[in-house]
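**Q** My questions all concern the structure below.
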């Protein structure tokens, strides 16, 4: 740079030079979007624009700052005292939440639970937690209440979806058991008086008219289970429930009075009805073909009011009106999943509310909402509601449900004969309340008749205040919650005030940070600290150490890392944050300026020299003739050096110019050595390169060795290279010679075998390695290792009996000649006598230490060969032509082995071979979670491709082609099985996959039928990858096959623990709902917890 040259020439730094070097002359910046590093007067980009924000720090969006404070508890505040509270979903507890909301909204049940004596609650954890839950729902300030204490008391699994109907039934039974231990008679009958009714199953003889003894027995119920399939309305379901069944023919009833079988009728009669009548709609049906359950999603109509007088046996009243009070909804098409919600009417206000766990929505005066604009249902989603009304109706779908309402306003229809009806595709349970019971008023004391419900008016009382013990707990909980709301509000206000104050401070300081003229005093500040100060809510002390040189002043090299502040801005920052060091206008470092000037000058000199040297290097690389004294240098190193761009100073890549051409003896490496290519360069270029390398690494004598053009190559390395080349050539000649000596054996060609000719046996795996060796080239030849032949022969004989541990190879006829059948790598191969003799010379074998063999043509009709020779007969599967067949039947070739080293025994060791094969078979049959393929065949005979694939024996260790692995067999399925999987379990899997019931399945492997159900796959020699096929006998196609509980239990007991199969439903087993523990045990456990 001209400026540095001037400073070095004058040996003086003027004020003008300072302004130029430190860029003080640059104008104050106002318009750039980012902060300019090369302008110390630019403060742009330190803060965002007026309406801008950043992802974090001081200038974050207000909403994100508030979010970082954590959840706002005030969001969970109940909207108003008249709005019901929701219940938290703990994972999959929506079924329990819906039922609990239905029970809580029943005023009579709620008051009964809340009025229990503290002594009773202390002894019953279930009642205690239920009362506390109801108290929180009643008076909590929060919009939803935590249901965990009650759910944990029942020991329910939060992650498993359950059936709400089953939960309600078991909960009623549990509550009655708990209430029965109360000393207050009124408390004992809370559930009984509200929810329990009575039915009887009546069987009447058509001949004598007498009823059976069992007809007089009354069975209690909590809800009536009604069929939905094929039925459109509640009236039709009730008619179906109470319909009369005729017992005729084989199904005749044995009448005790007539003492004979006779025609009869059977029906259900309602003997007594509860104040709260629950209808369970049976939307789940069992599919025998797939052994699964399916949900019925057809539309189902139900009225707003229901007259049960005509259906109550022995009822003397004309009207027994029930009003719709709640609808339990199951959303979703699957049986074992989905979501439960509840639509419940508030009897005090007449408003309907949707309870969806924590969320509670106002539905207005209709159970499914009254505004068509809120509909989320698509046209045609539901079936039309079959509503019988006198006037024309409008059907309004709301969220998959229908509301059938007359065009006249509902209030104008009071007293008329119009009946409002609703329709729903997902209604799962309906709750009706007896009119005049005020959704749970108590029965009169005179109502002792178990056969009917009188229409006596039940007292209507408003909600009474909570008992003292429950009220204190709720008030304490509310106080804690309101305190958390106030704490959050205070924290939020303090945080926002702090942020607004800091933002104002940053804007104020930056607005006066500019130095308006060169003459005015100024201060230097680190750009990094200034950025952190402007970005963070809190800031540390001023830190200028990063822009201070070793002399304690401001170096010119740090000009891109600092800003020039006005005296006013620096005073504001220093007075508040302190720190330092203070670096002002006169603190520029002259020493650093002179040092930097020297570096610039050296860099210019080096750059100019390197440009001249690159021209010489280019000439050397292009092969131009060079004059003068020359030196050797690595060709690859010089090419890399030439390609590098011009730099100001040397780098590490400039070291080691001769490292790759110097041998371990310190001399010039022969050029034939790998990576030793070199070039001659002029002395001036070598001196420049050598001096640069020495400067970078003074101790690197290896990489900086000088080799003039007359340097001799290292004699030792030359000899070693020649020996290595000679050795490699000899090996190549040796492999070629062996390849020529054993032409057919090297090419693995089949040779014709003749009787009375001696052959020799070698393992196929050794010959495979030998072929790889003689065909290898380059470095791959060194990687092949072969044992000597004597060792190979020893391995073919067992140590225990000194007999052959492999069976002789199989033979086959082909065009009237005998050939050896191709073998795998673990078999034996016959070779010619000449091959054996030459291999012994080449691979350290003894000619006499061999296993020889001869071919003998035997008669298949005669007796088996006798003697000391082992025989391997030809299989008929290997005969390809008719001539071959005739020849094979009359003459059968036999391999006779005769190990010359064994004088007393020349037999195959069947004992050792048997042990080895048994061990291998056991390993194959000891598999877990592997695939087999099962094909469903339509008809009696399978296709040829399936039969052949099923007959073949699969070998898991054998590699198959990609095409064969991708082969499919039509209607097939892969099934995960283990060796211990039974045929019964496999048939159950086939039932699930293909829908063929177990009784109809005929299972085959090849042409063999797999009978029985207790045998496992290992017993039947079924391996991984095997292909089985099954047919459907159609014998039981018209039988409605269900899966009894004992069969399911047996399936569970026989199920393979190693298989990845889906677990069966466990219901509420293991929970307190099905527990039979005593009262004292339950109390003791609760106290321990």
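Note that Cβ sites are derived from N, Cα and C of the backbone, with glycine treated the same way.
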**Q** Tell me which of 364-383, 384-403, 404-423, 424-443 corresponds to the region 'Disordered' entry in TrEMBL.
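**A** TrEMBL lists region 'Disordered' for residues 364-383.
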**Q** Tell me, roughly as an integer, the mean pLDDT over the domain 'DUSP' (497-589).
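**A** So the average pLDDT across the domain 'DUSP' (497-589) works out to 88.
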**Q** Give me the DSSP three-state residue breakdown of the domain 'DUSP' (604-707), ordered helix, strand, coil.
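**A** So the domain 'DUSP' (604-707) is made up of 47 helix, 12 strand, 45 coil.
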**Q** Going by DSSP assignments with H, G and I as helix and E and B as strand, what are the residue counts for the domain 'DUSP' (497-589)?
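**A** When I sort the residues of the domain 'DUSP' (497-589) into the three classes, I find 44 helix, 18 strand, 31 coil.
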